[in-house]
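Copied over from Swiss-Prot:
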- 38-220: domain 'BPL/LPL catalytic' (DOMAIN)
- Arg84, Gly85, Gly86, Asp87, Ala88, Thr89, Phe90, His91, Ala149, Ile150, Gly151, Gly163, Phe164, Ala165: substrate binding site (BINDING)
- Lys146: site 'Lowers pKa of active site Cys' (SITE)
- Cys181: active site, acyl-thioester intermediate (ACT_SITE)
Amino acid sequence: MELEERRAALDVRRLPGLTPYAEAWELQRELVRKRRSGEIPDTLLLLEHPPVYTVGRAARDASNLGAGEEYLRSLGAEVFWSDRGGDATFHGPGQLVGYPIIRLKVRDTHRYLRDLEEVVIRALAGYGLEGRRHPRYTGVWVNGSKICAIGVKFSSGWIASHGFALNVNTDLSWFDRITPCGIREYGVTSLERELGREIPLAGVEREIVSGFREVLGDPGS
């Protein structure tokens, strides 16, 4: 039996505390290499970042960073130009970030994005919230505002990395300084805002993992 076959199960890793974006980025690169070679199974990283604005490959310039990188750094946030898909967004405490490092069983990048949306939609349903897709934009929306951003990278061997950022108890004022995902006509929201109370992240993590296994199963098996 090949090593790849022996390692079909999903490995879920919860990183403690706040993980700097650059550190998580380097970890993903290492895990992508190991996943490609079959050294590790499909892996889902769950974590929170300290305040950081990231800009994806869809951005043509820094125009969606509001007053600019220097100003954003003066607020106490990092600015990182990432190799993920998508445009500008914010990550910070109270936001659950998921980075699935998986080999796609179905080699369809658009379907994978819809699957990630479905994972989040099912997690939100566990809290009585109706998550919706938008006909023009990737992500998940609640009551007309974006609650989850999605940006993914696909590497050789059909290995996916990066993933989603779900606003749970996020300080949404950080988004006021940028044009999130380059979308001017809609705002952002969080579970805390929608439900009127702080939501324990551990419960959201359980819903995400459950939804991930329901929707994607063992993606690389």
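The backbone N, Cα and C atoms fix where each Cβ goes, and this holds for glycine too.
Swiss-Prot feature annotations superimposed on the structure.
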{"residue": "Arg84", "record": "substrate binding site", "DSSP class": "coil"}
{"residue": "Phe90", "record": "substrate binding site", "DSSP class": "strand"}
{"residue": "Lys146", "record": "site 'Lowers pKa of active site Cys'", "DSSP class": "strand"}
{"residue": "Gly151", "record": "substrate binding site", "DSSP class": "strand"}
{"residue": "Phe164", "record": "substrate binding site", "DSSP class": "strand"}
{"residue": "Cys181", "record": "active site, acyl-thioester intermediate", "DSSP class": "helix"}
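The Cβ of Arg84 (substrate binding site) has Thr54, Gly56, Arg57, Gly151, Val152, Lys153, Ser161, His162 as same-chain neighbours under 8 Å, each 6 or more residues away in sequence. Rounded to the nearest whole angstrom, the C-alpha distance between Gly86 (substrate binding site) and Lys146 (site 'Lowers pKa of active site Cys') is 14. By the criterion of other Cβ atoms within 10 Å of the residue's own Cβ, the least surrounded of the binding-site residues Phe90, Phe164 is Phe164. Per Cα geometry, Cys181 is the residue among the recorded positions Phe90, Phe164, Cys181 nearest to Lys146 (site 'Lowers pKa of active site Cys').
Recorded residues Phe164 (substrate binding site) and Cys181 (active site, acyl-thioester intermediate) have their alpha carbons 13 Å apart, per Cα-Cα distance. Cβ neighbours of Cys181 (active site, acyl-thioester intermediate) (same chain, under 8 Å, six or more residues apart in sequence): Gly86, Asp87, Ala88, Thr89, Tyr137, Gly139, Lys146, Ala149. Pairwise Cα distances among Arg84, Gly85, Gly86, Asp87, Ala88, Thr89, Phe90, His91, Ala149, Ile150, Gly151, Gly163, Phe164, Ala165, which the record gives as the binders of substrate, peak at 15 Å. Predicted-model confidence for the domain 'BPL/LPL catalytic' (38-220) is 93, expressed as mean pLDDT.
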